[in-house]
Every structure is written in C-alpha cells, then in structure tokens.
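Here the structure comes first, spelled out in structure tokens, and everything after it is commentary.
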Ligand code: FNR
C-alpha cells in the first residue's frame with residue numbers, strides 16, 4: 001500500500017520489529033500523558049491563511065548556527081538505531097545528507113562518530129550525555145570535533161532515566177550483537193541485562209546526576225563547537241541558558257584570545273547577538289519525546305514562553321510530536337528557528353532503511369511547502385505569529401471593533 005504520510009511507518013515498524021525494540025522506540029514515560037499531548041497540542045493550533053499572494057516560488061532554505069540547510073526540519077538524536085536496521089546510523093546520516101539537512105548523532109549510537117563521518121559529507125551535530133567520568137566526556141567531545149561534527153546538543157533533561165514501563169516489563173537491553181559504539185574502547189559500550197530496564201541501570205551507573213550550569217561552562221572550555229542546550233521547557237531555564245552561554249563566550253574570547261577585535265565589538269553592541277553570529281549556541285525546547293518527566297506540557301505549548309525569554313538572542317528549536325508539515329509551520333509561527341524529528345526516523349529505518357528515512361524527510365518537506373503555499377508564505381521569514389491562532393489567543397480579551 002502506498003505510504004502517504006510519516007505516521008504510517010509506525011504500524012509497519014511494529015510489525016517488523018521485535019516487541020522489545022518497538023516498545024523502546026515507541027513508548028513514553030509512565031502514563032504517557034505527555035506522549036499523547038505532544039501530538040494533540042499541535043491539533044489545537046489553527047491557521048489564519050492569507051490569500052491571493054504569488055506562491056509560485058517557495059523558499060524553505062535556512063541557516064542553523066551558520067550552516068545552510070535545505071529546510072528547517074532536522075534529525076533529533078535517537079539511540080541505538082541498528083536495532084531498527086542493520087545500516088542504522090549510517091543510513092540516517094546518508095538520508096539526512098541527501099536531503100540537505102542536519103543529523104544529530106546520539107551519544108548512545110550503535111555507530112561511532114568516526115564511522116558516521118566516514119559515510120560521506122554532511123552537517124552533523126553530536127548529542128552529548130555527560131558521564132560521571134569527565135575524561136570519558138572530554139575524549140568523546142574531542143573525537144566528535146575531530147570527526148567533523150559541527151555542534152554539541154547537550155541533553156540536560158536526563159539526570160536519571162524516565163520511568164518507561166514497557167522497558168521495565170520487557171527487561172529492555174541492547175541486543176548482544178550490538179554495542180554503544182562510541183564507548184566501546186572505553187569499556188562502557190555494553191549494557192548488562194537486569195531485572196528491570198537495562199538502560200535505566202546503565203544511566204544510574206554512568207550518567208552524572210550532579211550535572212549543572214557550571215558543567216555547561218566547563219564544556220565550552222574543552223571544545224570550540226557551539227553548544228545547544230536540549231531539554232529546556234521554561235523561560236527560567238532559557239534565561240539561565242543565555243546567561244551561561246554569554247559568560248562562556250566572554251571566557252572563551254578572553255582566555256584564548258581568539259579574536260581581540262571581537263571583544264571590542266562585544267562592548268559596542270548587544271553581546272548575545274554577536275554570540276549568535278559567532279555560532280555560539282541555541283536552545284532546543286524538548287521533553288525528550290515524552291520519555292522523561294510525564295505531565296510536562298507538550299513542547300509546542302512550552303515553545304512561546306521560551307522564545308519570548310530568548311528575546312531573539314539565540315535561536316530556539318523544538319522537537320516532540322512533529323509528524324506533519326503543518327506542525328513545522330506552527331512551530332515556526334511560534335518562533336522556532338527549526339524543528340527536529342525523532343521517532344519517524346527509527347520507524348522508517350525499520351520499515352525501509354535509508355530509503356525510508358529519505359522518504360520521511362521528503363514527505364515532511366513537501367507537506368511543509370504546501371502549508372506555506374496555502375498560508376500565503378513564500379519564505380520562512382514571512383511565517384508570522386498572526387498566521388496561527390492558539391487556545392491561549394482565544395482566551396485573551398479582544399479589543400472591541
Ligand atoms: C530519543 N531521544 C534521545 N534524546 C537524546 O538526547 N539522546 C538520545 O540518545 C535519545 N534517544 C532517543 C531514543 C528514542 C527511541 C526516542 C524516541 C527518543 C529524544 C529525541 O532526541 C527527541 O527529543 C524526541 O524523539 C522528539 O520527539 P519525537 O519526534 O520522537 O516525537
């Protein structure tokens with residue numbers, strides 16, 4: 001049967017994959033309220049399309065941290081992709097590169113940073129989990145940088161693993177023929193089976209629960225890659241992100257004297273803007289695909305608060321429940337600079353390998369282009385807040401005509 005939208009891959013993946021693997025990919029935390037809400041919140045946002053605008057040419061290209069991509073749709077880090085397909089992360093990397101967009105490689109990939117780099121050219125970000133052993137982190141970050149990765153997506157919502165009950169029931173663990181490839185040489189590549197979730201035990205053993213803003217600063221001293229903070233859901237944290245990012249930039253330029261004239265320029269203009277122009281950092285509004293704290297709001301609901309707090313000083317991205325081109329448009333209308341997709345990648349990988357991921361990216365691209373055309377927008381900057389209406393808008397007092 002002809003596949004006509006991204007969501008159809010989920011059922012195919014369910015048929016093809018072992019239950020333990022499918023459940024790991026599909027499930028969310030506890031009651032899975034946020035999992036459902038990540039989708040439903042999109043459906044409560046409606047359009048206010050403009051008409052009689054020449055939409056014969058639509059430009060979806062954009063720039064992320066200074067890198068030009070073909071569309072504002074990127075690939076989120078999802079762990080252990082070789083459980084979905086033997087080509088795993090290689091297939092995803094090739095598909096992203098063919099679509100002219102960014103792939104984010106998970107720390108817990110079943111292919112190493114070097115292996116993914118060897119698949120060919122492409123703009124790639126590296127998602128980082130901070131291990132208790134900082135030597136492990138420093139080594140890994142340097143390897144990613146050497147392999148040509150362009151930014152770090154630092155995941156900040158996982159001091160402990162969320163309670164994913166399907167994984168506990170299935171006693172989820174990485175199949176014995178696979179390893180967490182980035183950690184193989186460090187003796188941390190295996191996941192032991194336990195009598196609940198093997199991944200939760202691995203996280204409890206290795207991941208640093210004490211991670212705090214000072215570590216974000218530390219990270220900037222060991223790499224010149226820009227850092228995206230992944231997992232922000234509130235204005236309070238987005239302000240903190242900005243503060244740390246700015247401090248780090250001053251630190252970086254003063255101590256490494258990379259560019260004296262940049263420091264002077266800093267004093268004359270808005271430092272945050274300069275930080276952005278220099279590819280400093282950004283924020284990813286994410287609830288980890290509803291796999292961490294249940295009953296947090298949908299990311300599309302939290303987005304506007306974070307965008308407001310960021311005041312245009314750093315780009316804000318979103319992931320969580322993006323399945324349609326209309327979702328991409330809604331996120332951009334609420335101020336996102338781009339979106340990332342997670343599950344559609346692993347489900348399409350399971351169904352059709354690289355061809356599946358290519359198709360997912362193409363379908364989202366086509367749908368997004370159509371949404372732009374039917375809304376009367378010919379470029380991303382023409383997408384505005386007034387092209388949509390949210391529930392919050394309906395509850396706001398309206399001025400009398
Ligand atoms: C994830 N996510 C994730 N995030 C991260 O920072 N590091 C990781 O290794 C993983 N691994 C992972 C595995 C699987 C199977 C899923 C579904 C998710 C979260 C991911 O980056 C992203 O935030 C969400 O997947 C986005 O939501 P959607 O698109 O899956 O709804």
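Just so you know, the numbers here start at 1 and follow the chain as drawn.
Just so it is clear, glycine is given a Cβ too, placed from its N, Cα and C backbone atoms.
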Correct range for transmembrane segment (source TrEMBL, candidates 240-256, 257-273, 274-290): 240-256
Site co-member for glyoxylate according to TrEMBL, given 24, 129, 288, 291, out of 57, 163, 164: 164
Binding-site residues near ligand 1 among 77, 129, 323 (Cβ under 6 Å): 77
Euclidean distance between Cα atoms of residue 129 (glyoxylate binding site) and residue 319 (FMN binding site), Å: 18
Longest CA-CA distance among 24, 129, 164, 288, 291, per record bound to glyoxylate, angstrom: 19
Conformational class of residue 24 (glyoxylate binding site) under the three-state DSSP mapping: helix
The domain 'FMN hydroxy acid dehydrogenase' (1-393) [mean pLDDT, rounded to integer]: 90
Surrounding CB atoms that lie within 10 Å of the CB of residue 24 (glyoxylate binding site), all protein chains: 24
Candidate with the highest Cβ count within 10 Å, taken from the binding-site residues 77, 321: 321
